[in-house]
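Copied from TrEMBL, the annotated features are:
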| type | residues | note |
| --- | --- | --- |
| DOMAIN | 3-128 | domain 'Dihydrodipicolinate reductase N-terminal' |
| BINDING | Gly8, Ala9, Cys10, Gly11, Arg12, Met13, Asp34, Gly99, Thr100, Thr101, Ala125, Pro126, Asn127, Phe128 | NAD(+) binding site |
| BINDING | Arg37 | NADP(+) binding site |
| DOMAIN | 131-264 | domain 'Dihydrodipicolinate reductase C-terminal' |
| ACT_SITE | His157 | active site, proton donor/acceptor |
| BINDING | His158, Gly167, Thr168 | (S)-2,3,4,5-tetrahydrodipicolinate binding site |
| ACT_SITE | Lys161 | active site, proton donor |
Amino acid sequence: MIQAAVTGACGRMGTLIMSNILQAGDIELVAGFDFVRVGEDIGSVVLGGALGINVTSPDNLESELVRTMPDVLIDFTIAQAAVKTIETACKCGVDLVVGTTGFTQEQQQQNMENITKAGIKAVIAPNFSIGVNVFLKLLEEASKHLYNYDIEIIEAHHNQKKDAPSGTAIKAAEVINQQIGVQKPVIYGREGFSPRGSEIAIHALRGGDIVGDHTVLFAGEGERIEIKHQAHSRQSFAAGAITAVRWLCSQQNIPGVYGMKDVLKL
Ligand SMILES: NC(=O)c1ccc[n+]([C@@H]2O[C@H](COP(=O)([O-])OP(=O)(O)OC[C@H]3O[C@@H](n4cnc5c(N)ncnc54)[C@H](O)[C@@H]3O)[C@@H](O)[C@H]2O)c1
């Protein structure tokens, strides 16, 4: 049985992931951390019934991780908080599945250093849905042939999303640049006098309850291709995170930072 803990337990993703864990026969939830609903039974957060495990304040993350020693800590919170959470998990020798987005390059670097130094395993992905990871694979193929086309990335999310552009949109630009082997400049939106050059432009839309849309446009002379992914529900992310948990726990003694590309063998 895999023992798992969740940070961001009372958030949109955390609640759904805990619900998935409670329904899985091979994963046991041993702790849940959040600043809200501290002391409430996690069962009442997820199911409406008692479970006997209470929401713990992140102030007690280290002592609770030491007490419960989960195989994996799943983090869907906010970047600034996640950096500290990752550091604490490293200190406690607990493996990680991190879905939080919005890390700066310095924060990413810090996370990598902490994980590598601690010799733990982590799956970090800006998007855990299988569809999005296949979408990224399709982008590699398209970029091989359409590197001279104008490339624009358009993403849309719900009005509560805190970071922009989305981690997936940034990842899409990285994948394209890696495939092309040339660092096309990445810009965010356009305004005023801004003639088009070789840049990849990312445009972020925020509204209503949009779960997550990503479109990459390759536009050339007389034609265009759009590669598009639309998430209909957060369950696509939660299911992918659970797949990552199982994969991570099946990897014996191979410390390092992995992505969904590794998990899905893409
Ligand atoms: N990788 C993916 O597939 C994927 C999918 C969806 C969302 N996300 C990302 O996951 C994150 C969370 O998204 P959400 O929609 O669930 O947000 P949310 O705002 O609904 O939930 C975040 C929760 O984290 C809690 N929190 C903040 N700091 C904390 C800490 N130090 N310890 C414990 N809990 C803490 C907040 O109180 C909140 O309940 C965002 O960064 C989002 O972009 C990633």
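Glycine too: its Cβ is placed from the backbone N, Cα and C atoms.
On a predicted model such as this, the values are computed, not experimentally measured, just so you know.
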Item checked: Neighbourhood of ligand 1 - recorded positions from Arg37, Asn127, His157, His158, Thr168 with Cβ under 6 Å -> Asn127
Next item on the list: Would you mind pulling the DSSP three-state label for His158 ((S)-2,3,4,5-tetrahydrodipicolinate binding site)?
Entry: coil
Margin query: Just to verify a number: CA distance, Gly8 (NAD(+) binding site) to the residue listed as 'active site, proton donor', in angstrom, no decimals.
Written below: 14
Notebook entry, point to check: At the Cα level, what's the spacing in Å between His157 (active site, proton donor/acceptor) and Thr100 (NAD(+) binding site), rounded?
Noted result: 15
Next item on the list: Could you measure between Cys10 (NAD(+) binding site) and Gly167 ((S)-2,3,4,5-tetrahydrodipicolinate binding site) for me? Cα positions, answer in whole angstrom.
Entry: 21
Notebook entry, point to check: Taking the Cα atoms as reference points, how far is Ala125 (NAD(+) binding site) from Gly167 ((S)-2,3,4,5-tetrahydrodipicolinate binding site) in Å?
Noted result: 9
